[in-house]
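Participant: Before I ask anything, let me first share the structure, which is written out below as structure tokens.
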Amino acid sequence: MVQVRVIEDGFDLTPLPLLLSTRAETPSLAVAQAEELASSVDSPSEGSEASEGDPEASLEDSEDEFEDENAKPENVPVVMQLHESATETLLHISGFCVATDFSGKAKVEERNAAYDAMVAGRASSDRYVIRHAQTLNHAQKDAEVMVQPPTTTSVGCESSVWDIYDANEAQSRALADQAEEDETVGAAGASSGRGKKSGGTQLSSLINAEMTKTVSEQVLLAQHAVKVLESRELAASLATMERCVQQNLFHHKQLQYRDHLSATEGAGGAALEGGEGEAVAAEPAEAAKAEEVVEGDHDEGAPGASLEMLWAWNAPMTRGRCVTAMSWNTVNEDVLAVGYGGFSYAAPKGGLVLFWSLRNPVYPERVLSLPSGCTAVDFSKNTPHLLAVGMHDGTVAIFNVRREEQGVLATPVLDSEHTPGKHMDPVWQVQWVDKGTERGESLVSISTDGRVVEWSMKKGLEESTLMVLKRVGDSEGVISRQASGLCFDFPHDDAAIYLAGTEDGLLHRCSCSYNEQYLETYAGHTGPVYRIRCSPFWAPAFLSCSADWTVKLWSQKDAAPAHSFHSVDLSDVVHDVAWSPHRSTIFASVAGDGRIEIWDLDQSTLDPVSKAGSTAVLFAKNAPVLVVGDATGNVTCYCIKGMAKNGPQTRAQQCDALRQAIYPEAKTDGKLDAAAK
């Protein structure tokens, strides 16, 4: 029996048994082992002495020792020494908490404080959302799908002996007639009688060939014809060919649109290449009768100022509809979106938005049909393929013009038709406003229900009310204290401030972050304000037109208008006004009697150009062109000729010219900088 003892640093750490008898035997066992060790130490010396005196005794002793060595010892203690080895880490998972006496406690508290500050700073940001992630990966699954076999149909027919005979005879006659026709065509000097016979034979062969065609062949031919006629490739080819034909017809007009004829008109078109120059040179003489050129009063600074009609965008579908809004695309500045509305209560019509292009002045590139009359349109500045549309029933819709089905835009990407906060009255203006890189671009609309609403597209079309327009002054005896909004505009350098025009004739300066009251109120009109336009050059300046027959020029720093514009013979409403994107002192207006007036604050005013019922006006961004919409559905494109081209060039010079026109006394007194501030 072998006993194992555990000894560490000289101390016996062997576990003792629980039985008392074993504990009692343990000391005696240790004593016996000690005596045995002592006897083993003394025995070799005695044996050696015995071996020296008696050889036989030594031999016997050696044999006894050999037997003792071969015998298995019993109760021999085994001593085990325990030593501490190096620690090897197989897996370490750091905890989320540390002890209070941890040496790096200060750094942990500092990191926690920094994280709490970052979370508190992002609490108001729309881009920061706390979400949890599921890191457990589920087991893979095998999915099998079985489909039904294609359906089959058994088709059979019966034929009699005479049916087979007639079909064989018809085929034989057709082959014989074809061979005879070939011989007749190839033979020279055939007689006239034979020619008549061959003609009759050819006609009979064609009739027989048509009779032999099966119904399936005719169906396949019809399907193939429909597929070709409805293919996108054919539509694209026809559109390209149509543009080529229209370019040949309107080539001279398009050069005038681009203002490229100014250098070639003196040479009589000699700069044009090839034989096309003759056609282009002859075209103005033929089209001079149809052109509408009206010269206005001018002075030495603007000799021969006039408007020359280039073409009119119209289509059969726009008859009976009024042009309500226009907007140029921000990337392709040759594309114009025009909104049409039919607001007759006796015979109401749906709205339209047509996309006209310079490449094809005859027919629109795309057509957008609306369930209600269109009252406002505007292209997005950051995403030019998005078009915002305001409707007469209070709906605001956003369309992706890149999605089309056979040239027709089907459904909007987003709309407010079923939104709880939609407008309850017609939406008279929509405008995209860039709020910066963090907040992106949003859509703002105004309606006669008295609300200015901002629409966000981050999670669908969500609305937030910027301002509820209220009547100013004593409102006793008034049915509603809310004022009807008709128009608004944002300055080009500040997306937090906007100007709103109301049906009461007042203009209000409002803030997007404060909707309790107006920042400023401008009183000057005695009728509804139909349009507000901020200057694209100097932000404090803005124009307004009204039903009181006037156009007024304002500065945000003054409560009274700086200038008021009204023609002596004008006695009708002014529908729209627009700034020129090329000259800071030029703007245009259209009135209800059809006249178009172009005003130059530096030099002169052109006489009105007669036209039936003008309702909207807009300057082209890339050419000296003015587009005007009327109540009959026509959008006429005019070329502005004779205007002074030696005006200010830089933006700072444009701003100085406009400030000098608004504050002429500051220019004479040398206080122009103070007026600008």
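Glycine is no exception: its Cβ is also placed from the backbone N, Cα and C atoms.
Pasting the relevant annotations from TrEMBL:
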COMPBIAS  49-68  compositional bias 'Acidic residues'
REGION    33-73  region 'Disordered'
REGION    176-201  region 'Disordered'
REPEAT    522-564  repeat 'WD'
REPEAT    574-609  repeat 'WD'
Participant: So what's the mean pLDDT when you look at the repeat 'WD' (522-564)?
Facilitator: 91
Participant: Short question: which residues 6 or more past the ends of the repeat 'WD' (522-564) have a Cβ under 8 Å from it?
Facilitator: 486-494, 499-509, 570-579, 581, 584, 587, 589, 591, 599, 601, 651, 654-655, 658-659, 661-663
Participant: How many of the residues that make up the repeat 'WD' (522-564) does DSSP mark as helix, as strand and as coil?
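Facilitator: The repeat 'WD' (522-564) comes out at 0 helix, 21 strand, 22 coil.
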Participant: Could you give me the DSSP helix, strand and coil counts for the repeat 'WD' (574-609)?
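Facilitator: The repeat 'WD' (574-609) comes out at 0 helix, 19 strand, 17 coil.
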